[in-house]
Structures are given as C-alpha cells and as structure tokens.
Amino acid sequence: MRSPSVGFTGILVLLVFLSACCCSSSTHGSLETEKTFAIIKPDGLLGNYTDDIKRTIVEYGFRILKEKIVQLDEGTVKSFYAEHSSKSFFSSLIKYMTSGPVLIMVLEKDNAIADWRALMGPTDASKAKITHPHSIRAKCGLDMEKNCVHGSDSPKSAQREISFFFKELSAEFLLKLIVVFSKENGRKGISTHSLTC
C-alpha cells in the first residue's frame, strides 16, 4: 500500500501534466494544438452573424471543441472583465455584454490564439473596415465596443477564460483522475495515454 504523500505527489504530477497538455501553447510542432476562448457578442447574435462566423472559424482550420449560448448577468461580466474595472468604458461594457445572449466557444488549432486574433481583426471595428476589410470585426462590428467578437490575448488568458465559463472541463479532468488513480491502486500504474486533451 502506498503512503498518502506518494498519492498526493502522483495527483500533483498528473495535474501539472493535464495543465501542460490541455492549456498551453504548442512547442513541439504539430504534435500539440493550442486552445483559445472566443465569444460572439450580443451584436453578433442579434445581427444574425453567428452562422457566418462559425463557418469562417471552421474554414480557417479551427475546431470548435465546446460552445454554448448564455445570457450574462452583471456580476459575471464584472468578474470576467475585472482587468478593465478602472477604465472609463467599464460601465458601458457591462451594459453592452448583458444586453443580449452571447455564444461562448473553446477553439483549437495550431497557433490558435494568434490566428483567432488575426481573424477577428483590430479591436476598433471602424478601423478594421479600412485596415483589415476581410476580418470578422470589419464585416460584423460597428465600433470599438460593438465589435462582435472577443478572443483571448495570451495562453494565460485563454486558460483563465476557458475555465471561467467551462467549469465542466475541470469536472471531466477530475473524473479522469479518479479513473487513472483507480487503475494505479489496482497496480496498473498511471496511463497518460488514457487521457485525452
């Protein structure tokens, strides 16, 4: 029988592996993919751009791993956009993001974060229409605020934003941990091949 500290160490090692596997940038070429978080904002859903945006996402090689339509409340928006709380546009952002439903997604592909940001175009949709006319914001957005889509700006942001909205992903990982450690107790060892990221 193993001591409790070995079991804890095993869990810690596995959690580090899962974090590296599932939420980090690719450093080994095409063997790994990167995940990013995306939102189609209220103007995108209300303007009937959702199907076109999703089609564009797939055409550019992304896989949509998770998606759901949600109606955000004020508390959720304040928490999600907390880094902007001291900015003058914060109250307007809250009003806008709670004005209608949004579609939240987890996207995956090589270089997902940078590629999604390039596909979205500049934050100011009115400028995007001039400088990046084929971008999503140029086609669907209006201005700096009503710019139709959101995307993570770094691997750290992607990890935070994905776990913020898709808590069930964490539950899936815990279930896998239980299965793996059940096998370990049956002297089968830890099989990282049974974990899909």
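Yeah, the Cβs are placed from backbone N, Cα and C, and that goes for glycine too.
Caution: TrEMBL annotation is automatic and unverified by curators.
Feature annotations, courtesy of TrEMBL:
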type     : residues                                     : note
ACT_SITE : His150                                       : active site, pros-phosphohistidine intermediate
BINDING  : Lys41, Phe89, Arg117, Thr123, Arg137, Asn147 : ATP binding site
DOMAIN   : 33-173                                       : domain 'Nucleoside diphosphate kinase-like'
SIGNAL   : 1-23                                         : signal peptide
Cα-Cα distance linking His150 (active site, pros-phosphohistidine intermediate) and Arg137 (ATP binding site), given in Å to the nearest integer: 10
Of Thr123, Asn147 (the binding-site residues), the residue whose Cβ has the fewest other Cβ atoms within 10 Å: Thr123
Stretch-averaged pLDDT - the domain 'Nucleoside diphosphate kinase-like' (33-173): 94
Euclidean distance between Cα atoms of the residue listed as 'active site, pros-phosphohistidine intermediate' and Arg117 (ATP binding site), Å: 8
DSSP-derived structure type at His150 (active site, pros-phosphohistidine intermediate), helix or strand or else coil: strand
Number of other Cβ atoms within 10 Å of the Cβ of Lys41 (ATP binding site) across all protein chains: 25
Inter-residue C-alpha distance, Phe89 (ATP binding site) and His150 (active site, pros-phosphohistidine intermediate) (nearest angstrom): 16
For ATP: widest Cα to Cα gap among Lys41, Phe89, Arg117, Thr123, Arg137, Asn147 in Å: 21
Least Cβ-crowded entry, counting other Cβ within 10 Å, from the recorded positions listed as Arg117, His150: Arg117
Residue, out of the binding-site residues Phe89, Arg137, whose Cβ gathers the largest set of other Cβ atoms within 10 Å: Arg137
The domain 'Nucleoside diphosphate kinase-like' (33-173): DSSP-derived helix, strand, coil residue counts: 72 helix, 26 strand, 43 coil
Pairwise CA distance, Thr123 (ATP binding site) versus His150 (active site, pros-phosphohistidine intermediate), rounded so that it is a whole Å: 9
